[in-house]
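What Swiss-Prot records for Gly2 is N-myristoyl glycine. The region 'Interaction with membrane phosphatidylinositol 4,5-bisphosphate' annotation in Swiss-Prot covers 73-77 and is backed by similarity to another entry. If you look up Swiss-Prot, you'll see 436-497 marked as region 'Disordered'. The zinc finger annotation in Swiss-Prot covers 389-406, 410-427.
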Amino acid sequence: MGARASILSGGKLDDWEKIRLRPGGKKQYRIKHLVWASRELDRFALNPGLLESAKGCQQILVQLQPALQTGTEEIKSLYNTVATLYCVHQRIEIKDTKEALDKIEEIQNKNKQQTQKAETDKKDNSQVSQNYPIVQNLQGQPVHQALSPRTLNAWVKVIEEKAFSPEVIPMFSALSEGATPQDLNTMLNTIGGHQAAMQMLKDTINEEAAEWDRVHPVHAGPVAPGQVREPRGSDIAGTTSNLQEQIGWMTGNPPIPVGEIYKRWIILGLNKIVRMYSPVSILDIRQGPKEPFRDYVDRFFKALRAEQATQDVKNWMTDTLLVQNANPDCKTILKALGSGATLEEMMTACQGVGGPGHKARVLAEAMSQVTNTNIMMQRGNFRDHKRIVKCFNCGKQGHIAKNCRAPRKKGCWKCGKEGHQMKDCTERQANFLGKIWPSSKGRPGNFLQSRPEPTAPPAESLGFGEEIPSPKQEPKDKELYPLTSLRSLFGSDPLSQ
């Protein structure tokens, strides 16, 4: 029994004795269950030593699983015990036997799916791929497989919906993967409208074909038997070559990828057409005052795809123009991020710019800055413009008379005379004419001191045959003064005295 009980030890044995036989039950697994499982394996002619490892338990489960449907209760109990022991070996946390069976079923399903996937991949690799127009038949010979109507329908639908927007080019490249020049011409012929664009495309193809003929001149002499002639520009375009010749060039040794060459010419022409159908330059893409940054980025990169430039130039446009053409709010945020910021960081930082929340936050910050500036200016003015006090006793600055240490001055602090105080001093009460105010006699200065005389001329001066003297005949020393004297305003008038 000692050898049979030594299947588990240490921490695994502790985990084994914590597992319950049934969900919610009180009984737990003990060493006696391991001894019983070993004896049962002996009875079924299986090696009890397999219980000492997870791999051995897995082999036992594979042998016992087919007999579960028709087996006795002892076989089911043995299967449950081995399944629980497998989870203990694998350090899988379980609480009871039911959880152990669920874990075993999950592992078996996963292994089954992996096995099926491996078999499927192996089967696919053993067969010739049917995804390309040129496939191999059972004899190993290359055979052309025409484009499906579904592929052509997808291409026509893209042209109808997108016209010649930048995303048409990658769509054409995906649908024409591995196609022959004949297949490419079929795709171009399915385009009913946009004949101006098609004519531009033909011109580009003719130019590239002429350049091909110039760079690849025909070798003099006849073609050797068993060899394929070299393709000309018109052959690559499918004008002067048939399908068999195209397949021969594409599958020859060495191969001449006429389909890929012709496809490259078409994409070059499509780039020119996309440029014509997208007249907006990348320099004209600017973010509106209230436009979200995400919409601005979408328009920017859509215009960037239509630009006829190298990838280095496009990268420079992205790093420079994307920030330069943003609105002031986003531009301030993007410049604060620095030149090394990624597009994700830019979009995250500018998220919500232009909305009501952002406007309220900007307004609050501006108001806070103005308030702080005013407070600092007020504090600065208070510090810079201190009130200068002067002592009336000694005449020095920096203290007042109450705190003055000099001997107390007698008399008036204003004029220095004795007999009166500063508040009664008349030195400071003289008006600008030099007269003391208020006067000790007469009415207050803001009242008229005499009755105003009429200023209109007498009735005799209005006519009745009397001659009005001219101003030139009046004496020069006679000057006109207002009838109301200054006495009415400032007390006594020195001119009237």
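Quick reminder: no glycine exception, Cβ is built from N, Cα and C everywhere.
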Summary of DSSP states over the zinc finger (410-427), given as helix, strand and coil counts: 4 helix, 0 strand, 14 coil
If one takes Cβ-Cβ under 8 Å and requires six or more residues beyond its ends, the residues near the region 'Interaction with membrane phosphatidylinositol 4,5-bisphosphate' (73-77) are 40, 64, 67
When DSSP states are grouped into helix, strand and coil, how many residues of the zinc finger (389-406) land in each? 3 helix, 2 strand, 13 coil
Is it possible to list how many residues within the region 'Interaction with membrane phosphatidylinositol 4,5-bisphosphate' (73-77) are helical, extended or coil according to DSSP? 5 helix, 0 strand, 0 coil
